[in-house]
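Before we start, here is the structure in question, set down as structure tokens.
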Amino acid sequence: MSNVVVVGAQWGDEGKGRIVDWLAEKADIVARYNGGHNAGHTLVVDGRTYKLALLPSGVVRGKLGVIGNGVALDPEALLAEIGRMAALGVHVTPDVLRIAETATLVLPVHRAIDAAQERLRAKPLGTTLRGIGPAYEDKVGRRGLRVCDLAEPELLAAKLDVLLEHHNAWLRGLGLEPFQREPMLSDLLAMAPKILPFKARVWQLLDDAHSSGKRVVFEGSQAVMLDVDWGSYPYVTSSSTIAAGAASGAGIAASKLGRVLGVSKVYATRVGEGPFTSEVDGALGDLLRQRGGEYGVNTGRPRRCGWLDTVQLRQSSKVAGIDLLALTKLDVLDGFDSVYLCVGYELDGERIDYMPASDAEQQRLQPVLRRFDGWQRTTRGVRSYSELPPQAAALIEAIEQEVGIAVAMVTTGPERDDAIVLRPPFEDADGRKV
Ligand code: IMP
């Protein structure tokens, strides 16, 4: 078995991009299967920072990138990102990027609806306002436009009319400006010749790759706690972020996905609204934010910070199919006198060891914290487990025990190789290790 699925195990922003980048060196293809340009994946390569939103993280190293059918693709955002990458010397051509012909398109009307829906909500969700949710609504509402429609101008116009008729009724009802077919149609037709060369039968490409023994990294966006089924609904994104989502969102049999690597920081962050039981307010939360550089990659929003929640991580690992953990940003905890893990919850005075489904119950949870001695020595750039301060090693071992899943790697800095590798995630049936 040679593939690996990388899944965010918390609320997103765990550092999946750099883990995918590390794995990509040993893989042939990096495939995105969910989300869109609401994602923000940061890589640091040779001291240069790359901020990706829609492009699979492997493109920076010239690996074939695939955007699967489960991705919500904003053609304008994609072309702008390709332009930004070109300015950094990374040329994204159809030789290095293939896009599923069935991927759903995100349109300007979706962005406007995203903003209007947020304004109308008594409690806004704190979406990224990129139009991702409304685009997925159109997909399941069976009126969405897809990449392959860009090749059929007449059909595209007719489909756009149906889509706008639906949304304009809602916009007019709220006294908002309806959308006209023009200039949206002419903009789409102008972008079509730039997007269509990337169009591919991704399912076939992945099947052929698998048959010929090539290695695929499936790059999840967002995270289990933002999954539309398994996250803290309704404070979630609108796609399937878990390993099962990689099969349906890329077009490959679940049995061919391989290992599932869940990525988690050694603390926790969340952007946007929603319950966050182990959140730390005040000066300590600010310190975590400042040390961890916890601001949105593409939105710049400050992230809420807290301690690692092992109850959440254990439950998320089970539903997402995670069988190995990558722990990131250990060095951010350097210099704290004490560090904590959330190892249980109290709900209305009763101790529980699972995350309840009800939004109201989640809001009432109190964390049960376990204290650990901090360490004063830096772990920045440490690449061997034996060089870690014993307190840091004790924390990692406690995380493994509480979550019940082995730690495959721990990252200690932003560069790709600032990592301690304990168990190589690629391990084939024939014992071939990478
Ligand atoms: P949407 O995906 O823009 O609809 O936003 C829904 C929720 O998911 C909001 O709480 C966002 O902050 C969160 N979200 C979406 N993408 C990301 C991400 O890449 N990292 C972290 N949070 C995200």
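Heads up, residue numbers simply count up from 1 along the chain you see.
Every residue, even glycine, has its Cβ placed from backbone N, Cα and C.
Grabbed the feature section from TrEMBL, which reads as follows:
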- 12-18, 40-42, ARG303, 329-331, 411-413: GTP binding site (BINDING)
- ASP13, GLY40: Mg(2+) binding site (BINDING)
- ASP13, GLU14, GLY15, LYS16, ASN38, ALA39, GLY40, HIS41, THR128, ARG142, GLN222, THR237, ARG301: IMP binding site (BINDING)
- ASP13: active site, proton acceptor (ACT_SITE)
- HIS41: active site, proton donor (ACT_SITE)
- LYS139: active site (ACT_SITE)
- VAL297, ASN298, THR299, GLY300, ARG301, PRO302, ARG303: substrate binding site (BINDING)
Consider only the recorded positions THR42, LYS139, ARG301, PRO302, THR412: which of them have a Cβ under 6 Å from an atom of ligand 1? Write none if no residue does.
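Checked recorded positions vs ligand 1; nothing flagged, none.
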Of the recorded positions LYS139, THR299, ARG303, which one sits closest to GLY15 (GTP binding site) when you measure Cα to Cα?
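The smallest Cα gap between GLY15 (GTP binding site) and any of the recorded positions is with ARG303.
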Please list residues from the chain of THR42 (GTP binding site) whose Cβ is under 8 angstroms from its Cβ, counting only those at least six apart in sequence.
GLY15, GLY17, ARG18, THR49, TYR50, LYS51, LEU52, VAL297, PRO414
Which one is it, among the recorded positions HIS41, THR128, LYS139, LEU330, THR412, that lies nearest to PRO302 (substrate binding site) by Cα separation?
THR128
Among the binding-site residues listed here (GLY12, THR299, THR412), which has the Cα closest to the Cα of ASN38 (IMP binding site)?
THR299
Quick check: which same-chain residues outside VAL297, ASN298, THR299, GLY300, ARG301, PRO302, ARG303 lie with their CB within 8 A of the centre of the substrate site CB atoms?
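Everything else in range on the chain: GLY40, VAL271, TYR295, GLY296.
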Between THR412 (GTP binding site) and ARG303 (substrate binding site), what C-alpha distance do you get in Å?
20
What are the non-local neighbours of ASP13 (Mg(2+) binding site), defined as same-chain residues 6+ apart in sequence with CB under 8 A from its CB?
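Set apart from ASP13 (Mg(2+) binding site) by at least 6 residues yet with Cβ under 8 Å, we have GLY40, LYS265, THR269, VAL271, GLU294, GLY296, VAL297, ARG303.
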Mind checking which of ASN38, ASN298, THR412 has the fewest other CB atoms within 10 A of its CB? They're the binding-site residues.
ASN298
